[in-house]
Each structure stands twice: as C-alpha cells, then as structure tokens.
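Per TrEMBL, the feature transmembrane segment maps to 33-55, 75-95, 102-120, 126-148, 160-180, 192-210, 321-341, 361-379, 386-405, 411-434, 446-466, 478-496. What TrEMBL lists as domain 'Major facilitator superfamily (MFS) profile' is 37-502.
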Amino acid sequence: MYASREDIGYDFGDDSKAGSKPIKPNPNIDGGWAWMIVLSSFLVHILIMGSQMALGILNMEWLEEFNQSRGLTAWVSSLSMGITLIVGPFIGLFISMCGCRTTAIIGGILNALGWILSAYASNVHYLFLTFGVTAGIGSGMVYLPAVVMVGQYFQNRRALAQGLSTTGTGFGAFLMTALLKYLCTEFGWRNAMFIQGAISLNLCVCGALMRPLSPKELREKYVVRNDSEENRAKALSHSTETIKSNGVLGEEPEKKEEAANEEVLGSVQHTEIGGKSGSGRSMYGLRLFKTVSQLTITVRKGFALWYSSYFGAASLFTNRVFVAFIIWALFAYSSFVIPFIHLPEIVKQYNLSRQDNVFPLTSIIAIVHIFGKVILGVISDLPCISTWNVFLMANFTLVTCILTLPLMQTYIGLAVVCALIGFSSGYFSLMPVVTEDLVGTKHLANAYGIIICANGISALFGPPFAGWIYDITQKYDFSFYIAGLLYMVGIIFLLIQPCIQKKQSREKSTEEAQV
C-alpha cells in the first residue's frame, strides 16, 4: 500500500513517535463511524463537485439570457470551481482552529446563500460575486474537510475509501445534469438555482456527521501506521534524521507551549474553585475569562500549525517532490474541466444534439468516472502495486485523450474518448493518498489545501481561456491542444523530481558509507 513513499523517496514524517507496546486497533479506524464519514464525503461530492460539473447547462442559459461573449460568461463557472479550490490553504487555517465539522457547516450555509442570491442576477457581473465568490468559498469550506476527514479515519484502505467517497463527483455530475436540465425546462434557470440552493443546505447535515477523532484515537492510528512501516522507516532513517535536525519533527516547543497553556487554564480553574464563595458576578467573569482563554489558545495553536506548514522550518515547500506535485496541479485540472464546460457547445457545433440528448457526453464522463475512481482505488490498495505509478499512468492516459478529443467529430468517437477521460480522471481519488504519502497525516489538511489551490487556479483560467480561443478562431481545437501540452509539462515535473530525489539519497548514503 505504501510503496509510493518508497518510489518517491521522501517522507515528511509527522509520525515521529512509535509506541513499543501493542495497541488494540480503534474500531473507528477503517470501520465503524469511518463509513459514515465516507457517506458524508460522498454526499458532499455530489452536492458540490457534481453540481459544478453540470454547470454547462446553466452556462448555455446565461449565454442566452445576458447575451455576453463565451469567454466572459465562462468566468462565472470558472470562478465557482476555481475559488472552491483556491481557498484551500485558508480553509486549512479554519480547520486548524475550528475543526472540520464547524468549518463544513458554515460552508454549507454560505454555499446555499450563493445559489439563492444568484437567482436574482441582473447581469453576468452580479453572478461573479454571488455564484463565483460566495458559493465558491462556501463550497471550499465543505470540500476540504470532507477529504481530510476520510484521510483521518482510514489507514489500511485509504485509496478505496477516498475512491468511494469521491465517486460522488461522477454520480453528482450525472444526477445534477439531469436535475438542472429538468428544472431549467420546467421552472426557468432562476427558479432552478433557488431550488438548488435549498438542496445545498443538506451540506450542513453532511458537516454535522464529521465527528472529530480524539487525540488518543489519532495517536493510536499513528502507532499502527509506524508499526506497519517499520522496515520502510529504517530505509528512510537518514532523511528523517535530517528533517528532525531542521526542526521539522521537533515536538518539544509544542509540548512546552501546551504545558504553559495548561498552566494558565489550571490557574484560572483554581481561582474559580477558590472563589466559589464570591459573588455571582465575579464567578461569571471568571467563566467568561476561562472561555476566552481556551478560545485564544485554540486559535494560537491552529495558527501556529498552519503558519509552520507554510513558512516555518517545517515548511511543506522544503519537500521538492511536493513542489513538483504543486506544479503538476497548476496545469492538470483545467484539462478535465474544459470538456465539461464546453462539450455542450461542441456537440451543438457538430450537429450532434439529437444523439447527445439521448445520452449526453458529459454523463458518459460522469458515469465512467465513478468506476474509474473505485477501480483505481482498489488497484492502488494492492500490496504489490505502487499508488504513485497508478497515479502517473492515469495521468498519461488522460492527457492523451485531451489531445485526441478535437480529432473526433462523430458521436461514437467523442463517446469513446469521453469514456476514457472519465476512467483515467479517476486518479482524483488517489490525490489525497499521494499527498498523505508525501507529507504525513498531520500536515494533510494544509498540504492538500495547497494542491487544490493549484487545481483551483487551473480551473479558474482554463474554461475562460478556451472560450477566448474560440472567440478568436471559432474552433475549440487549439484550446484542447494547448491545455494538453501544458498538462504534459506538469507530468514531466512529476517524473523528473522523484528521480532526482532518489539519486541524491543514494549519493548521500554512499558518502556516509565511505566515511
């Protein structure tokens, strides 16, 4: 399962302490409530990512309603998709301070508000603010916790769990495309957005299901993980020691800070007990002071963890393979988003609307995408298979399909390419697993926040760029070719950096052996 770490040759190593005593496995890790977390994440993907993949329906309505250029109108969908992902690093700060549950519930309210306010749009620029920004931020506040919680609750079947939860994107794209088509036909696009806003309030219920693991349960997970990776940890001991010397794994400052915080709260509690005979007003003041102190400590600890992940000695950017992963993410996501936004228009251009109405190409991508995520997740969980290699193979297949799609001008040809796009894009379920392998569970929220932020930038500029190219050339061909070539550049970075990392590790080992 963890062959990918060995292939990558780098471990950020947050699991610095392995217990020598055998610990009884927690029933909630890889089982029990963990499957409720998968269900919650699955529903989040349906309501957020599925809805965004169906925005091509609303995009056509907005083109007719506001009579603006395709490039400008595409910015509405791009802002919503992009901001959902771009706010990832800042949502990581919210998670560090408030936890996944609170963050997700607040995000559900914001997302629903964005959909409802968009129903009253008078122009495209109004939609930029209500749908692009408001609904986008709300989506981001629910999406990141949904991914992080699955990573926290699963150890041995992470790829499968992430695959099952993220299949919600495919189900959602299929269901939401049909739902929005029906609502727009029957009630108009404004009422359709209002109804979708009401449906989005269910995100608050999904957030409420995200019960946090206790510190004890998290420690048990780390110990189990260390025991299962003992041999690999020995192989990577030099890297770990180097990181420790730089302060990455040092926990002494955290312990000292925690001790100081406990001392402050203890003194407040002692004062509260000693002052029971005092007046009610002073007791109320003490309780208020204690609450404020606890809140301040929580905020400080959360901000310290978030800040150290980005700017401190433990910065994620010291991991070169992770930096290459970010560069890949900057180019990758637009290649997947562009077909969803512009396929309805391409079908219309090729006079294939009759066949597409029977079985939409976007629905083909969505349905096969479901199977791709589950199958790739199951394959990656096999002991003899490297998650990293599966991830790379899926990327190569997807970029080939993106470059091939403009050559297909028949419904059958487009359907085959769309099916391959749907299957190969199932690698999305492996992204949290690869990220966790690179940086560890402790830094997963902040690290994955950076990755989806890079994806968000890609999604933000991809569809408007394709629309702008169409406005100039009256063809979408060049949009797919350029997006595919940029995507290939990102894949090359993923291939080169791990090789360099492994070569440097071997050279260091040789030098030490000679000494």
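Every residue, even glycine, has its Cβ placed from backbone N, Cα and C.
Note: TrEMBL annotation is automatic and uncurated.
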Intrachain residues whose Cβ lies under 8 Å of the transmembrane segment (192-210), provided they are six or more past its termini: 36-37, 39-41, 43-44, 47-48, 51, 58, 100-105, 107-109, 111-116, 118-119, 131, 138, 142, 145-146, 149, 179-180, 183-184
Interface check, the transmembrane segment (411-434) with the transmembrane segment (478-496), three or more C-beta pairs under 8 A: no
Tertiary contacts of the transmembrane segment (126-148), as residues 6+ beyond its ends and Cβ separation under 8 Å: 40-41, 44-45, 48-49, 52, 62, 75-76, 78-88, 91-92, 94-95, 100-101, 103-104, 106-115, 117-118, 120, 162, 165, 193, 203, 206-207, 210, 432, 444-445, 448-449, 452
Tertiary contacts of the transmembrane segment (386-405), as residues 6+ beyond its ends and Cβ separation under 8 Å: 1, 3-4, 6-8, 159, 328, 332, 335-336, 339, 372, 376, 379-380, 414, 417-418, 420-421, 423-427, 430-431, 433-434, 437, 480-481, 483-485, 487-488, 491, 494-495, 498
Same-chain residues at least 6 beyond the ends of the transmembrane segment (321-341) whose Cβ lies under 8 Å from its Cβ atoms: 8-10, 12, 53, 55-56, 59, 74, 77-78, 81, 85, 173, 361-362, 365, 395, 398-399, 402, 405, 418, 421, 425, 434-435, 438-439, 447, 450-452, 454-459, 461-463, 465-466, 479-480, 483-484, 486-487, 489-491, 493-494, 496-498, 501
When counting Cβ pairs under 8 Å to the transmembrane segment (478-496), the leader among 33-55, 75-95, 361-379, 446-466: 446-466
Same-chain residues at least 6 beyond the ends of the transmembrane segment (160-180) whose Cβ lies under 8 Å from its Cβ atoms: 34, 38, 41-51, 53-54, 56-58, 146-147, 150-151, 153-154, 192, 196, 340, 360, 362-363, 365-370, 373-378, 381, 422, 426, 428-430, 432-433
PLDDT averaged over the residues of the domain 'Major facilitator superfamily (MFS) profile' (37-502): 77
